[in-house]
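Novice: Before I ask anything, here is the structure I am working with.
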Amino acid sequence: MGPLTSNQLVVREKDEDAGNFDHHQGRAGEREKALESYLRFPLPHGFLRSPPMTMSSIKIECVLRENCRCGESPVWEEASKSLLFVDIPAKKVCRWDSLSKQVQRVIVDAPVSSVALRQSGDYVATVGTNFCALNWENQSTLVLATVDKDKKNNRFNDGKVDPAGRYFAGTMAEETAPAVLERHQGSLYSLFPNHHVEKYFDQVDISNGLDWSLDHKIFYYIDSLSYSVDAFDYDLQTGKISNRRSVYKLEREEQIPDGMCIDVEGKLWVACYNGGRVIRLDPETGKRLQTVKLPVDKTTSCCFGGKDYSEMYVTSARDGLDSEDLLRQPEAGGIFKITGLGVKGIPPHPYAG
């Protein structure tokens, strides 16, 4: 199969039942046989035949060719009908207006790894090893707290706000090449609304995707080089976490787990870096339910947004691709919109401080 474009995709529904047959040929063959049998079967006099039901069709579109070196942290802002995201090494926070299709950008003074909404207006972001307030109009940042002061080579990576308004984010050593770095240098932190910083644990390789269960009793977390999606018991009142366990181990072709979000059915969606896909997981059974492949290898993160949070937005990266790779995937570093998934997401929580 040649390289995909954003108008083509490969999707597998209910992967745990899919077996080893080719999805398109196998399922298409089954559908043809079923339809033939259905049409051949005689109906009693006076009955009308309804058309057979079909699955909703999934569409993937590159809505913005931003050429991000490492696009990350997509967040939907309903008030402005915009998608926020960052380009980490380019030190850019971007805001794409889904109505006008225009992009605004704010340049900061260090790698910016995540952005989040703020209850009082504007945004918060993780810049270098700082939790910062971000004033969009003035294009300025104000440091709220600093972590890892003893580790000059560290920076923040992915971050997200919990349902109580705390800003969770983890750190990592700066990479010498994509996913190549000094290991066990990172930690997981949260910035409370009063600007107190809580450190949860250290020995992290690449602190990455995070989200909370719909009942707010479980915290989901990815340390990328563990190739695992983990769960913790979560106390929403105190922000304490405990009882770490793995709920899904990635398979070889899925590559490196990166950013993550949750849908209204409590299932997790994980972007797979170097795997060119997002996967839907059931954290209760540990099963992969669905795989959606994109036309780029370095898929980095995902969030729901758009009308009723029924669209998925996926960020991607270019760093680490050679000229041949870029010819094969010219939309690398772009922002993708996936429609027709048949499930919605939930709005992001704003930082309460």
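Residue numbering: from 1, along the chain as shown.
Even glycines carry a Cβ here, placed using N, Cα and C.
Feature annotation from TrEMBL assigns region 'Disordered' to 1-29. Here TrEMBL flags 11-29 as compositional bias 'Basic and acidic residues'. According to TrEMBL, the domain 'SMP-30/Gluconolactonase/LRE-like region' annotation covers 70-318. The divalent metal cation binding site feature in TrEMBL is assigned to Glu72, Asn208, Asp258. According to TrEMBL, the substrate binding site annotation covers Arg155, Asn157, Glu175. If you look up TrEMBL, you'll see Asp258 marked as active site, proton donor/acceptor.
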Novice: By CA distance, which of the binding-site residues (Arg155, Asn157, Glu175) lies nearest to Asn208 (divalent metal cation binding site)?
Specialist: Asn157
Novice: Distance between Glu175 (substrate binding site) and Glu72 (divalent metal cation binding site) at the Cα atoms, whole Å?
Specialist: 15
Novice: Quick one: which residues besides Arg155, Asn157, Glu175 have a Cβ within 8 Å of the substrate site's Cβ centroid, in sequence order?
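Specialist: Here the nearby residues are Ile88, Pro111, Ser113, Asn154, Phe156, Thr171, Met172, Ala173, Glu174, Leu181, Ile206.
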Novice: Looking at the binding-site residues Glu72, Glu175, Asp258, which sits with the largest number of other Cβ atoms within 10 Å of its Cβ?
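Specialist: Per the Cβ count within 10 Å, the most buried is Asp258.
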Novice: Which has the fewest other Cβ atoms within 10 Å: Asn157, Asn208, the binding-site residues listed?
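Specialist: The binding-site residues Asn157, Asn208 were compared, and Asn157 has the fewest Cβ atoms within 10 Å.
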Novice: Are there any residues at least 6 positions away along the chain from Arg155 (substrate binding site) with a Cβ closer than 8 Å to its Cβ? List them or say none.
Specialist: Ala110, Pro111, Ser113, Gly128, Thr129, Thr171, Met172, Glu174
